[in-house]
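According to TrEMBL:
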DOMAIN    7-384  domain 'Major facilitator superfamily (MFS) profile'
TRANSMEM  38-57  transmembrane segment
TRANSMEM  69-88  transmembrane segment
TRANSMEM  94-111  transmembrane segment
TRANSMEM  131-156  transmembrane segment
TRANSMEM  162-180  transmembrane segment
TRANSMEM  200-224  transmembrane segment
TRANSMEM  236-256  transmembrane segment
TRANSMEM  268-286  transmembrane segment
TRANSMEM  292-311  transmembrane segment
TRANSMEM  323-346  transmembrane segment
TRANSMEM  352-375  transmembrane segment
Amino acid sequence: MTADTKPVWGLSAAHLVTDLYSPVLPAILPLLIVDQGYSFFLAGLIVTIYNLTSSFVQPLVGWIFDTRGFAVHVGTSVAISAIFISIVGLLNNYYLVLASVAVAALGHAFFHPSALGTVSRLTRDASRGRITSYFVIGGNLGYAIGPICAGIVVGLMGLPGLVILAVPGIAIAAGLRRILPAPDRDAVPAKSVPAAKPSYRAIALLVTASGLRAWAIFGSVAFLPTILTMRGFDLVTANLLVSAMLIAGVVGQVVGGTLSDRYGRKEFTIVGLVTAIPPFVVFLTSGGILSLVALMVFGFILWSTFAVTVAMAHEIAPGNVGLVSGLMLGLAVGVGGMGVSVTGWIADMTTLSIGLMTIPLAIVLSVPLFLSVPYPWKSLARRRLPSRG
């Protein structure tokens, strides 16, 4: 760990805690479906509400960070997420569940744009993919730990046991309030030179394509515990397998960020998306150890493109890193959340396996959009340079 990466690793640790609560909802969907009688559509809608609420708030938070330097304290964000996710297991009214997850999503939304904007300001273009991946993997680890924690408590105590998850979140939030200083409202200096106008077309294409990829990511995470339990795994084991896939994605993030610095972000993104499709199809159409290995490979490859495209967004709009961070981690994820409901609706009409075929379809649709983003090719550009004699 070098001196210039220490702040990034600190923010990565906070990211881990914040995102710990995000995957709890997909992890408990099987119990909500069985105990509360929710359909696949209603269960998927819970995840959609969470994602959409966070999605629409994050760009606003990012814009405020860019223009005012304002940020909500990390500890406050963690506490909000911890409390309102943990009480879901105590609620028997579907509309109260939706309201609770919406409030929890606000805690999730407050953290990301300002933290990721700070990371961007601490990095250089030559290492942006690698350093950005350091921050993002904190969230991935939290996302991986969440299903394990949820699976253990609900496996032992049922849905009401979910309230236990509030304890570590509140304790960590209190510690963060004591350790970390209050957000510095003067952290964003006044710009003496107006920032270059960002390419709105490039941002729109990148966010739309990322939304389709988010559909693939969160659609798979939302329903993997359910399909694994349908294949005979108990809920704890199913969530452990999902966590293993997410941990594979953590490794993929670091590998992807480093390779994108060397070979080009656009090149790596396209190759990663195309090669992520076959292992997911293998997972759906096979069984046994082959199916599980394919699932791990899928997680590694698909997640490896995530931090890479965030770095692309920062380079496309360097003067609006908070806003584009909110769009990439907020609006794009919200689009993906809407896709989760579509996956659930198709599963209701057919079977869950057929519904999950929307995952590779979403990836296929994202590829031409990523290709259309006006972002320079790195490897191809090097090859086209004329030799000097």
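Glycine residues also receive a Cβ, built from the backbone N, Cα and C atoms like all the rest.
Automated prediction, rather than curation, is the source of TrEMBL annotations.
Counting Cβ pairs under 8 Å to the transmembrane segment (268-286), the stretch among 69-88, 162-180, 200-224, 292-311, 352-375 with the most such contacts is 292-311. Panel annotation: around the transmembrane segment (236-256), residues 23, 26-27, 30, 129-130, 133-134, 136-137, 140-141, 143-148, 150-152, 155, 221, 224-225, 228-229, 268, 272, 292, 295-308 of the same chain, lying at least six beyond its termini, place a Cβ under 8 Å from a Cβ of the stretch. Listed by sequence, the residues of this chain that lie at least six past the ends of the transmembrane segment (352-375) yet keep a Cβ under 8 A from its Cβ atoms are 40, 199, 201-202, 205-206, 208-210, 212-213, 215-216, 219-220, 223, 226-227, 230, 265-266, 269-270, 273-274, 276-277, 280-281, 284, 302, 309, 312, 315-316, 339, 342-346. Within its own chain, the transmembrane segment (38-57) is flanked in space by residues 22, 25-26, 29, 32, 94, 97-98, 101-102, 104-106, 108-110, 218, 222-223, 330-338, 340-341, 343-345, 347-348, 352, 355, which lie at least six positions past its ends and keep a Cβ under 8 Å from the stretch. Of the ranges 69-88, 94-111, 200-224, 292-311, 323-346, the one with the most Cβ pairs under 8 Å to the transmembrane segment (131-156) is 292-311. This prediction places the mean pLDDT of the domain 'Major facilitator superfamily (MFS) profile' (7-384) at 84.
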